[in-house]
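Asks: I'd like to ask some things about the structure below.
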Amino acid sequence: MKTPLLAGSDADADADADADATESLPQRLGNPVIGIIGSGDFSRSLAIRLVASGFSVVVGSRNPKRIPKGLFPDGVELRSQREAVDSAERVIFAAIYPEHYSTLVGLRDGLAGKVLVDVSNATRLDDGELSNAEQLAELFPQSRVVKGFNVISAWALQTGAHDGSRQVLICSDCSDSKATVVQLTRRLGFSPVDLGGLVASRDIEKAPLHLFPSWEGATLVTFLLFLFFYGYNVVKHVLLPYLAHGEHNFYQLPLETVNQTLPAVALILLGLVYLPGLVAAVLQLARGTKYKRFPSWLDRWMCRRKELGLMSFLCAGVHAVYSISLNFISPTNINLTSFMNQNLTKQNVWRSDLYLSCGILGLGVLTLLALTSLPSVGNALNWREFTFMQSGLGYAALTLSIMHTLFFGWDFAFFPEAYRYYLPPVYLLALILPCVVLVGRVLLALPCLALRLAKIRRGWESSHNQPNQQRQQLLANQM
């Protein structure tokens, strides 16, 4: 192997050109030659990215003459599979479906000692078999099989260098070959992630088959909350009035009942975003140390706070659209505005203005939180700015949302009519968790707790968490 993976100097290129005039065009130019077996969409996108990053590319096809002219960019050589393997200096991508791997057995000698990158994906989540990369390694024992680039789509390969934040999961049993692919990945503008040996390819190949894996918990919680509050509103405002008095309120199901449900779900979801932080703080205060792991359920909960917050923003935004629409298309809607028109006093005007202002401000702050959760925005903030946005403004959004709900309810909670059929108003149920979170945050801000928590998070430990020898030395120093 005369040429390293990355391009050498111009002097080396000229020396190679004079030494061997029979070499291919990419070799004479002194650029590293990358081989690709396969001529499909992924092969074409990969070739475009490689050429744009300064590599020379040779694409191997079973029938190069059948490939339409202009399908691949200029500078890409279209050869037979054997010619592509022989031309590649070290790295060859296997961009074909796994069921066709056996057709490459005749190329075993040419692939010996070279890095063979498998880019395939699994077809099923639970197959209990070897991964495609492991099967490829068994077919070509003299090659250095590396798993990678399967989580990158053909579209992402063509979008340019601005997509460099995308991660490429890589694994292999050969550390040198893996280091080569890691270097190549960085040259292409991606972020390599080393996941260890080739056995990790089983999880890597299944990664593209998962549908929003980090959103499963937040979506399920949102659906269950919506189902509960929607059913609660249907029972109280539609079903029981019909059974008890024959009232036909079924027209409320598509709009009004949904609009009564959405703010309750949004408020509880926002409370669930900040509740795990309070639980973690209480655990640290009780333990007197930060070096004990949190329970696994709390770790998972804290890792899903962004998804819960975005689902809360979705429900709040849809609630705002529903509220505006109901004032125009639902003449039977009895809301706070119509109540104020019937009882127009200065107190009611203040109440209506405060109710709307808190709602608008709360939605605005929640929108800002949702925007800063985007990687492109969050990466532009330093740690202090990000903490202020997500924690400080987050509690501001929670406070405004609670005030919006309280101004809506005002003194309705003290009227017997609000507890029709002995069921409390839905907004009272929705206020319980957020109010607990807000009160807990106020208590943790007290100096006696805040100072102790700050010491713990800076590494201080209580005496019962220290080893006996260290504890005795501490007591001796105090004496």
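Note that Cβ sites are derived from N, Cα and C of the backbone, with glycine treated the same way.
So TrEMBL lists these for the protein:
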COMPBIAS  11-21  compositional bias 'Acidic residues'
DOMAIN    34-121  domain 'Pyrroline-5-carboxylate reductase catalytic N-terminal'
DOMAIN    265-398  domain 'Ferric oxidoreductase'
REGION    1-24  region 'Disordered'
TRANSMEM  211-232  transmembrane segment
TRANSMEM  264-286  transmembrane segment
TRANSMEM  307-329  transmembrane segment
TRANSMEM  354-381  transmembrane segment
TRANSMEM  393-415  transmembrane segment
TRANSMEM  427-451  transmembrane segment
Asks: The transmembrane segment (307-329): which same-chain residues, six or more beyond its ends, come within Cβ distance under 8 Å?
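Replies: 214-215, 217-219, 221-222, 226, 255-256, 258-259, 262-263, 265-267, 269-270, 272-273, 335, 337, 359, 362-363, 366-367, 369-370, 373, 394, 401.
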Asks: Using DSSP, what is the helix/strand/coil residue split across the domain 'Pyrroline-5-carboxylate reductase catalytic N-terminal' (34-121)?
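Replies: Helix, strand, coil within the domain 'Pyrroline-5-carboxylate reductase catalytic N-terminal' (34-121): 36 helix, 22 strand, 30 coil.
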Asks: Treating G and I as helix alongside H, and B as strand alongside E, what does DSSP give for the domain 'Ferric oxidoreductase' (265-398) in helix, strand and coil?
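Replies: Residue counts for the domain 'Ferric oxidoreductase' (265-398) by secondary structure: 110 helix, 0 strand, 24 coil.
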